[in-house]
Amino acid sequence: FVNEMLSVWFYGMIIIYTIVGYSLWR
Amino acid sequence: MDNIGVYTWVGFLVFLVIMLALGYIGARQTKSVRHFALGGGLGPIVMGLSFTATYISAATFLGYPGWSYEWGLTNLWLIIAIIGGGAIGVLMVAKRIRKVNKEQKSLSLPDWLGDYYKSDFLRVGTGIILLFNIFYIAAQFVAGARVFEYLLGMDYTTGLILITAVVVLYVFGGGALADIYTDAVQAVLMAIAGIIVFVSGLVVFWNNGIAATFSGIVDNLTAQDGNLVKVFNPESAHFYSLGAVIGAITIQWAFASAPHLFNKVLGLKHDKDLGKMIVTYVITTTLCVLVMFGGLYSRVALGSGTVVADLALMGYIEWAFPAIIVAFFGVVILAAAMSTTDGLFVSISTVFANDIFLKFLVKRGYVKMGEEEAEKVALKISRLAVPFVGLIAFLIVLKPPVYMGDVMWIGISGIAAGTLGPILYAVYGRRKPSPRAADGSMVIGLLAYLILYFGGIMQSTMIAGAVATVIGILAMIILANVMKVEESELEIVAKAE
């Protein structure tokens, strides 16, 4: 996503939301 | 500048009147101290918003974009650390705190730890460590002073005197009584402000699509300084290497699983509400921290060295928006400074009056007086603590700090290093360890932090805090196991005799 650090931010947020969503689901 | 000044004054006065009215209504409705301190079973959404507001303060809102302005994209690690570390901290600890607390009804962290480990040393020690919160208050004062300086054309010192006086009077006027509601309002306002800032940059720098717009921003930053677009910016105080980033995530995790979380989690009516609270907190916080993009936009729009870093966000907002919006942001930051500090003033005066005076000095007989008289003196102490704490916070930042974010972290790191070992062991330990283990962890964690940061071994408040916190936790685990053996050996010896 555009450059390295913006990708870290963008995909990092997706990963965090997945983890939070998954653990609340459980 | 005149228009902005008028709008700011009007907005700020309207805010003060609303808050004091809320405080008055709140005071009539809160029945008992216990009920009041734990928020009396409020809804999970209000609690989630309130937790966001203690986590994202005025100093965060102005200070973190200042770091973005100075160090560029590398500061986006902070968003990852806050949302990732913070959410994991809450998920890990929240459920278990409620379980432990069902057996012992405690109000504050010194109470909770002191009761759990049955250690007065830990109770008083935790109370003293919580005085580190004065640094957190001081950072909020800087945020208020900077806003007054920028919007009303005062000099920094005058702005600092004004914000200190307003906050102290506000707490005396009962403003803190509606603490949870004002916190919730603050969180909503900050989330709105975060969205406005993030979107405004896309609109202002728009260039055929989102990715292309960000490319333009990245190109502009690269042209100014190649370090501004690096993943690890060697010039950044906090994100210069992978190890430093791990430290930042660790301390954010510690912050979220630490003291002020207790009241929010314990204030919920049902265990089922926890999930709602956490979802509210994660989403609101995500929107709030978008404000860090404001620092990047500021660097693109204004270039380097045109404003002090802590005012970079305000510089961008004035550059991009009409006067009334600039004043709105100013009032939001002032409101945040007040609603964040009022709760801390109350909790610090509780430390003096309850944890140190009533439950230690009077109970142990160091101060001899009857119960009624002691209650009266305790009330006086908690009243006097407010201007006293305000004055100390004022003196800490009388010489303006380079970054208000760092002042805030001195406080958070100190508290985490001293208390997280005993907290986590109470929540996760398999059996109750010796109280001396908890005492030892507190002393070792705190000393490690003081030596690492104030001894100048580590420049970054966040990393010194993270390392000291880990040392404190390890000390707790080791001491808990060593001391347990000693006690069981004593029993064997006693039986043999």
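The backbone N, Cα and C atoms fix where each Cβ goes, and this holds for glycine too.
For reference, TrEMBL has these:
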TRANSMEM  B:6-25  transmembrane segment
TRANSMEM  B:37-64  transmembrane segment
TRANSMEM  B:76-94  transmembrane segment
TRANSMEM  B:128-148  transmembrane segment
TRANSMEM  B:160-180  transmembrane segment
TRANSMEM  B:187-206  transmembrane segment
TRANSMEM  B:277-296  transmembrane segment
TRANSMEM  B:316-337  transmembrane segment
TRANSMEM  B:384-402  transmembrane segment
TRANSMEM  B:408-428  transmembrane segment
TRANSMEM  B:440-457  transmembrane segment
TRANSMEM  B:463-482  transmembrane segment
Original post:
Out of B:76-94, B:128-148, B:187-206, B:316-337, B:384-402, which stretch touches the transmembrane segment (B:408-428) the most, going by CB pairs under 8 Å?
Top reply: B:128-148
Original post:
Are there three or more C-beta pairs under 8 angstroms joining the transmembrane segment (B:463-482) and the transmembrane segment (B:316-337), sequence spacing 6 or more?
Top reply: no
Subject >> Recorded stretches the transmembrane segment (B:187-206) and the transmembrane segment (B:277-296) touching, at least 3 CB pairs under 8 Å >> reply: yes
**OP:** Answer with yes or no whether the transmembrane segment (B:128-148) touches the transmembrane segment (B:384-402) by the criterion of at least three Cβ pairs under 8 A, sequence separation 6 or more.
**Re:** yes
Original post:
Excluding the flanking five residues on each side, which residues at least 6 beyond the ends of the transmembrane segment (B:277-296) place their CB within less than 8 Å of a CB in that stretch?
Top reply: 44-45, 47-49, 51-52, 55-56, 60-61, 64-70, 72-73, 75-76, 78-79, 82-83, 86-87, 90-91, 94, 187-188, 190-195, 197-198, 201, 217, 221, 264-265, 268, 312-313, 316-317
